[in-house]
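Record features, source TrEMBL:
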- His122: active site, proton acceptor (ACT_SITE)
- Cys130, Cys133, Cys150, Cys153: Zn(2+) binding site (BINDING)
- 1-244: domain 'Deacetylase sirtuin-type' (DOMAIN)
Amino acid sequence: MTALDQLADDIRNAHHIAVLSGAGMSTESGIPDFRSANGLFTGNRSFADVVSIDYFMDDAAGFWAAFREIFKIKLAGGYQPNAGHAFLADLEKNHGKRVSVLTQNIDGLHHKAGSDEVLEMHGSLMGATCLFCHTPHDLAWVQQHDVPRCRSCGMVIKPDVVLYGEAVPLIEPAFELATQADLLIVMGSSLEVGPVNMIPLEARRAGVQTALINLSETRLDHAFDVRIEAGIGDTCRRLGDLLA
Ligand code: NAD
């Protein structure tokens with residue numbers, strides 16, 4: 001049996017599927033993954049230093065200039081879901097599966113594709129909030145101002161993205177969902193960023209069947225029962241055919 005046939009079987013047999021998605025999920029929508037985004041930043045500071053709560057607190061204007069460039073704020077919101085996002089929404093809508101999407105992505109594309117249960121563990125680019133008075137602002141507001149300030153109190157607002165140095169607030173429910181599911185599928189993640197990369201290890205320890213769809217090897221390949229080293233779009237189209 002091929003790995004693809006095995007994964008199709010696992011999906012058929014599962015009631016509750018948890019999916020851990022990473023930046024590779026959205027490359028086919030035209031959004032570069034972490035390595036490429038990292039490569040784009042050529043200042044003196046590292047990526048983790050720039051996209052950090054310390055830098056935001058020290059120099060909000062510098063932070064916003066770099067953040068805007070790295071995450072292509074002008075284009076954010078214009079990207080469309082791809083075949084991978086659509087496949088997950090389809091499992092929920094047309095195959096009667098509960099699909100808990102635990103995503104590291106901040107691009108909002110799982111929501112846009114129609115997935116109902118999405119935990120954006122690293123937050124979202126689609127808004128920004130005032131740390132002082134908690135007023136929320138949408139992406140349009142952020143796009144209109146070089147250094148976006150709160151419409152209520154005038155403080156510089158922070159993107160609703162979990163920055164380096166901040167806690168990952170949804171990590172506990174993510175672990176819970178992944179360890180309670182029948183099947184965990186990791187899609188498009190190098191599994192280099194903690195604590196999220198512990199999720200497949202914990203799921204496996206809890207007896208959950210685990211699968212990985214990724215273009216390249218990861219350091220945690222040993223944590224998976226099924227591994228498919230291929231593009232997500234093509235793999236999901238073929239899985240869709242097998243499940244039809
Ligand atoms: P990563 O960039 O470290 O790894 C992406 C992985 O996906 C790589 O191993 C790559 O081989 C694989 N990949 C790329 N395109 C693929 C495809 N079409 N099919 C299958 N595999 C593919 O990403 P990560 O592990 O998610 O960590 C990156 C961090 O940066 C995350 O914390 C995330 O929040 C952030 N980030 C998010 C976005 C986004 O929201 N779209 C984009 C860049 C970075």
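Residue positions begin at 1 at the first shown residue.
Cβ from N, Cα, C; glycine included.
TrEMBL feature annotations superimposed on the structure.
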residue : record                       : DSSP class
His122  : active site, proton acceptor : coil
Cys130  : Zn(2+) binding site          : coil
Cys150  : Zn(2+) binding site          : coil
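Under 8 Å, Cβ to Cβ, and six or more positions away along its own chain, the residue listed as 'active site, proton acceptor' finds Thr103, Gln104, Asn105, Ile106, Val161, Val162, Val168, Val196. Listed recorded positions: His122, Cys130, Cys133, Cys150, Cys153. Those with a CB atom under 6 Å from ligand 1: His122. Taking the centre of the Cβ atoms of Cys130, Cys133, Cys150, Cys153 as the Zn(2+) site, the nearby residues of that chain (Cβ within 8 Å, site residues left out) are Leu131, Phe132, His134, Thr135, Arg151, Ser152, Gly154, Met155, Ile157. Sequence-distant contacts (6 or more apart, same chain, Cβ under 8 Å) of Cys130 (Zn(2+) binding site) comprise His137, Cys150, Ser152, Cys153, Met155, Ile157, Lys158.
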